[in-house]
């Protein structure tokens, strides 16, 4: 790979172009090494472009920026309303990028090594009770093709614990109704097989036979859940559909998130005695600690039930 040599001169428009080239070289490198998703690469690119533009205003460049400068940059992001989670992601991006510059001998040091991680509040995922999930899944009017599609999508989400991006990205070749499993391509293009369950299989069969043909309008694309125009549905569109059905189901908007059924899937499995590592595998988490947050949700629910029903609660 051809490397762009860093200049010690004050950043100019030409050096701004060099910055962009180096960013793309870095993204190519981590994509090849780790197989990151397009969404992750896009987030890295936006973070580094923001830093590059800030460096121009400070008359700095990749070679001259120091740890104190990076602290100042992070502070400006927080002042602009960055949430702690976004700041933590930005810090991760900076560390990876400057480690890359150091490894490739484009810098003699790593100014990100001494950066501190913002303290993140421990948030429990928003979850729904089993009755609330039942109300949500019952909200679509299955007489209409679009609502039959939505019914199938909601059932699959809850049955399989998918991310919304995984759901809208499903192809017909990913579904085996005979075997009762889905092939899911998750983060980092990692593949996993997830069982569907009887309800999801039934509603998928109904939708594929009666709903999908009307939405596809003769198109031969492999998309499982098309939009009204027969094209791939966006995550934002499905999020609007979830909010629509939540209103019908009488669910408080504070309880909602795009992954509300994924969270319910994990919590309800644990409530019914599922092993944590099995839930980790079904969710497609690479790290068990990511899954362990759901044990706190299950514990909190048990505390509430104890207080409500135990004579000394």
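Cβ atoms here come from the backbone N, Cα and C positions, even for glycine.
The feature domain 'Core-binding (CB)' is assigned by Swiss-Prot to 17-102.
As annotated by Swiss-Prot, domain 'Tyr recombinase' applies to 123-307, with the evidence given as sequence analysis.
As annotated by Swiss-Prot, active site applies to 163 (among others). The DSSP secondary structure for residue 163 (active site) is coil.
Per Swiss-Prot, the feature active site maps to 187 (among others); the stated evidence is sequence analysis. Cβ neighbours within 10 Å of residue 187 (active site), excluding its own Cβ and spanning all shown chains: 16.
There are 20 other CB atoms within 10 A of the CB of residue 259 (active site), with all protein chains counted. The active site feature in Swiss-Prot is assigned to 259 (among others).
On its own chain, residue 262 (active site) has 157, 161, 162, 163, 164, 283 as residues at least 6 apart in sequence with a Cβ closer than 8 Å to its own Cβ. Under the heading active site, Swiss-Prot lists 262 (among others).
Under the heading active site, Swiss-Prot lists 285 (among others). Cβ contacts within 10 Å of residue 285 (active site), excluding its own Cβ and spanning all protein chains shown: 18.
Residues or ranges marked as active site, O-(3'-phospho-DNA)-tyrosine intermediate in Swiss-Prot: 294.
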Work out the three-state DSSP category of residue 285 (active site).
coil
Conformational class of residue 262 (active site) under the three-state DSSP mapping:
helix
What is the separation, in Å, between the Cα atoms of residue 259 (active site) and residue 187 (active site)?
15
Going by DSSP, is residue 187 (active site) sitting in a helix, a strand, or coil?
helix
Rounded to a whole angstrom, what is the C-alpha distance between residue 285 (active site) and residue 187 (active site)?
9
Within 10 Å of the Cβ of residue 163 (active site), how many other Cβ atoms are there?
18
